[in-house]
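A.B. asks: Quick one: the structure is below, questions incoming.
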Amino acid sequence: MAVDFTTDELDEVASLIARSSCNVALTGAGVSTASGIPDFRGPQGVWRRVDPEKFEISYFYNNPDEVWDLFVKYLLPAFNVKPNPAHYALAEMERLGKLCAVITQNVDRLHQAAGSKNVIELHGALEYAVCTNCGSKYALAEALKWRKSGAPRCPKCGGVIKPDVVFFGEPLPQDALREAFMLAEMAEVFMAIGTSLAVYPANQLPLVAKKRGAKLVIINADETYYDFFADYIIRGRAEEVLPKLLDRLRGMLF
């Protein structure tokens, strides 16, 4: 699919980023689809094969063995992927001093794999698991070794271990959420990339930034819920738009 944006739009946004001292990016599923992670709600998404209600936090507590079996069979294989040009472009913007932070709704850790340092993970990280009883945190790979079938158990207290990602109905990690809103308040340019801005409370971040005076840039292949609120809209795929934006930004900095 051809991207639908103009050179002038890219130049304007690149100039805005170059002049600003605090630029912040909020990223969603659309940033990782080019790496091979399907949109969970899309035609090829995981929720076509697995009832998403089985990943409600209440269902997990009542049926941890079943949920772990589903997690290992359907979710884990989807995340055996590598960063794509969108991740690398954002990491390079940070290296150039033109991106304060990435706030992500993704759990794949591809931003870190691409080299991003300051990443706020609103929905947790698939790399870890946590004990639901004592709160001890483990590498997911380690927890999987303890699992013969069903849910692994905490070696410290015997509690049920859960993947350290936010399940439906579960509150977001408060430290991450607090930092995300602080960054939104500080931002001079706030970019929402690869997200439809449908999920609360992450979709409040661009509103907070805009109300504090930031310019709002939306980069997405499809329309979003807050297009009407944006200062700039670049309609295209993140992996195609961001490298071009980075090229123009470099040209303005050097």
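Think of each number as a place in line: the chain as shown, counted from 1.
Glycine too: its Cβ is placed from the backbone N, Cα and C atoms.
So Swiss-Prot lists the following for this protein:
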ACT_SITE  HIS123  active site, proton acceptor
BINDING   ALA29, THR33, PHE40, ARG41, GLN105, VAL107, ASP108, HIS123, THR195, SER196, ASN220  NAD(+) binding site
BINDING   PHE40, VAL107, ASP108  nicotinamide binding site
BINDING   CYS131, CYS134, CYS154, CYS157  Zn(2+) binding site
DOMAIN    3-252  domain 'Deacetylase sirtuin-type'
A.B. asks: Nicotinamide site residues PHE40, VAL107, ASP108: biggest Cα-Cα distance, Å?
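C.D. replies: Looking at PHE40, VAL107, ASP108 as a set, their Cα atoms extend up to 13 Å apart.
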A.B. asks: Which whole-number value in Å describes the distance between the Cα atoms of ALA29 (NAD(+) binding site) and CYS154 (Zn(2+) binding site)?
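C.D. replies: For ALA29 (NAD(+) binding site) versus CYS154 (Zn(2+) binding site), the Cα atoms are 31 Å apart.
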A.B. asks: Near PHE40 (NAD(+) binding site), how many other Cβ atoms are within 10 Å of its Cβ?
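C.D. replies: That number is 16.
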A.B. asks: List the residues of the same chain that sit at least 6 positions away from THR195 (NAD(+) binding site) in sequence and have their Cβ under 8 Å from its Cβ, in sequence order, or write 'none'.
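C.D. replies: Correct list: LEU26, THR27, GLY28, ALA29, GLY30, GLN105, ALA202, ASN220, THR224.
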A.B. asks: Just to be sure I understand the packing, how many Cβ atoms besides its own are within 10 Å of the Cβ of VAL107 (nicotinamide binding site)?
C.D. replies: 22
A.B. asks: Would you mind giving the whole-number mean pLDDT across the domain 'Deacetylase sirtuin-type' (3-252)?
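C.D. replies: Taking every residue in the domain 'Deacetylase sirtuin-type' (3-252) and averaging pLDDT yields 94.
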A.B. asks: List the residues in the vicinity of the nicotinamide site, defined as same-chain residues other than PHE40, VAL107, ASP108 with C-beta within 8 angstroms of the site's C-beta centre.
C.D. replies: ALA29, SER32, ILE37, ALA78, PHE79, ASN106, HIS123, LEU126, VAL165
A.B. asks: What residues, ordered by sequence, lie under 8 A Cβ-to-Cβ from CYS134 (Zn(2+) binding site) and sit at least six positions away in the same chain?
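C.D. replies: The list for CYS134 (Zn(2+) binding site) reads CYS154, LYS156, CYS157, GLY159, given in order along the sequence.
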A.B. asks: Measure from the Cβ of GLN105 (NAD(+) binding site) and count the other Cβ atoms within 10 Å, all protein chains considered.
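C.D. replies: Counting Cβ neighbours of GLN105 (NAD(+) binding site) within 10 Å gives 19.
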A.B. asks: When DSSP is mapped onto helix/strand/coil, what comes out for ASN220 (NAD(+) binding site)?
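C.D. replies: Assignment for ASN220 (NAD(+) binding site) reads strand.
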A.B. asks: Cα of CYS131 (Zn(2+) binding site) to Cα of PHE40 (NAD(+) binding site): how many Å, rounded?
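C.D. replies: Given the Cα positions, CYS131 (Zn(2+) binding site) is 26 Å from PHE40 (NAD(+) binding site).
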A.B. asks: Using the centroid of the Cβ atoms of CYS131, CYS134, CYS154, CYS157 as reference, list every other same-chain residue with Cβ within 8 Å of it (recorded Zn(2+) site), in sequence order.
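C.D. replies: Surrounding the site, in chain order, are THR132, ASN133, GLY135, SER136, PRO155, LYS156, GLY158, GLY159, ILE161.
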